[in-house]
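Here is the structure we will look at.
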Amino acid sequence: METYLVGGAVRDQLLGLPVKDRDHLVVGATPEQMLQLGYSQVGKDFPVFLHPHSQEEYALARTERKQGTGYTGFYCDFSADIRLEDDLLRRDLTVNAIARAENGDLIDPYGGQRDLAAKLLRHVSPAFVEDPLRILRVARFAARFYHLGFKVADETIELMREIAQSGELASLTPERIWRELEKALSSQSPQVFFEVLREADALAALIPELDDLFGVPASPKWHPEIDTGIHTLMVIEQSAKHEYDEVVRFAALCHDFGKALTPEEKLPSHPGHGPKGVKLIKAFCQRIKVPNEYRDLALLVAEHHITIHSALELRPETVLKLFNRCDAWRKPQRFTQILEAGVADIRGRLGFEQNDYPPYDYLLAQLEVANSVNIQAIVQQGFKGEAIREQVHQARLKLIKQEKQRYLQQLEQ
Ligand SMILES: Nc1ccn([C@@H]2O[C@H](COP(=O)(O)OP(=O)(O)OP(=O)(O)O)[C@@H](O)[C@H]2O)c(=O)n1
């Protein structure tokens, strides 16, 4: 039996990037032999084993053939006579289909090194179309390696379109879609993930809420880029440039969903688009089983981002109401994330990339001031129940009023 290092580990080594997971391929062995050698089997669907010492994954070489529709409709053959080249042939991209032998030699029958040099993400064989998940994977790799200059090959985009048109995307489970989306959001250029899905005609099936924003105009005064789909991708790009975490990036994706619902006669303004988006975001999150932390932030950002943009003009009562509605008291970190989404929203506009965003500092200063109210002292004064709440409210309001004056005076100086 022979073992090879395969997949992402070889690719990332060749790119000079840190290697996370090391996957190995075993040629010329049976499951029984692996167990005898002390490996333990983990794969349910495929024979995948853990090394007795390193705990790294070792999979038996296999071929796959699509049978019928649906993501699970595969026939797998992992008999001991499957060759290395046969296994590499079933893989998605040439850059993922390079093997490294134990002596260090590279085995690269499908031109992976050539495509690494040309910075091309190219399918290995026409069997690429048998797995609809690959649309998401390729878009995700395009987002991850965009800063290195990688592009998806035209022929591969063609095959991705073929998959999208076949309707097979409908067979992907919500969990798989979410897993790919989350990884894409954490990549260096997440906006590219959505661009590639759109180019492959797959965005409408996967995230129609985003696809619907392309072609929706906004006022050129606030949005020189005009198109709301383009703006949304620019906001996602900004959220990644600022290294905000994936939860904020997801909120950036969803923040303007409501603009697709604006009646024609109101365009290019979008009255009430934030709250209007709430229903769409809830349905989207339910459909692909988005974790609550992501959903909750996206809903708060959609609902309040317009109010937050005008923070310095807000009456103190409105600032207090905003803190209450965002539960900024118990979740100050999440409130900071809401403000981060605000920064990305403003800078994600053509020519606005370096703009200041005063609401960020202002609202954090106001929150700190409002939080300084001594609730214990109010209780000790003998107030009870509702009266405590009212006292706290009034005390916070007073401090917010003072802080607003102080802040505005300081700005004038
Ligand atoms: N739908 C899929 C999933 C995986 N693979 C192959 O299996 C390898 C390992 O898959 P995975 O660990 O998901 O991806 P990596 O390429 O290792 O990338 P990452 O760094 O994201 O883990 C890939 O390189 C690819 O050769 C594939 O061809 N088609």
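Glycine too: its Cβ is placed from the backbone N, Cα and C atoms.
Non-local contacts of Arg140 (ATP binding site) by the CB criterion (under 8 A, 6+ apart in sequence, same chain) comprise Glu180, Lys183, Ala184, Ser187, Phe193. Residues or ranges marked as ATP binding site in TrEMBL: Gly8, Arg11, Arg91, Arg137, Arg140.
Annotated CTP binding site per TrEMBL: Gly8, Arg11, Arg91, Arg137, Arg140, in sequence order. Look at Arg137 (ATP binding site): DSSP puts it in a helix.
According to TrEMBL, the feature Mg(2+) binding site maps to Asp21, Asp23. Under the DSSP three-state reduction, Asp23 (Mg(2+) binding site) is assigned to strand.
Look at TrEMBL and you will find 228-329 tagged as domain 'HD'.
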Inset, instruction - Count, for each of the binding-site residues Asp21, Asp23, the other C-beta atoms lying within 10 angstroms of its own C-beta, and report the residue with the smallest count. - result: Asp21
Legend entry - Where the C-beta lies under 6 angstroms from ligand 1, the matching binding-site residues among Gly8, Arg91, Arg140: Gly8, Arg91
Inset, instruction - Determine which residues of the same chain, besides Gly8, Arg11, Arg91, Arg137, Arg140, have their CB within 8 A of the center of the CB atoms at the recorded ATP site, and list them by sequence. - result: Gly7, Asp92, Leu93, Val95, Asn96, Phe141
Legend entry - Fewest other C-beta atoms within 10 angstroms, as judged across Arg91, Arg137, which are the binding-site residues: Arg137
Inset, instruction - Give the residue counts of the domain 'HD' (228-329) per reduced DSSP state, in the order helix, strand, coil. - result: 77 helix, 0 strand, 25 coil
Inset, instruction - Starting from the Cα of Asp23 (Mg(2+) binding site), work out which of the binding-site residues (Arg11, Arg91, Arg137) are within 10 Å. - result: none
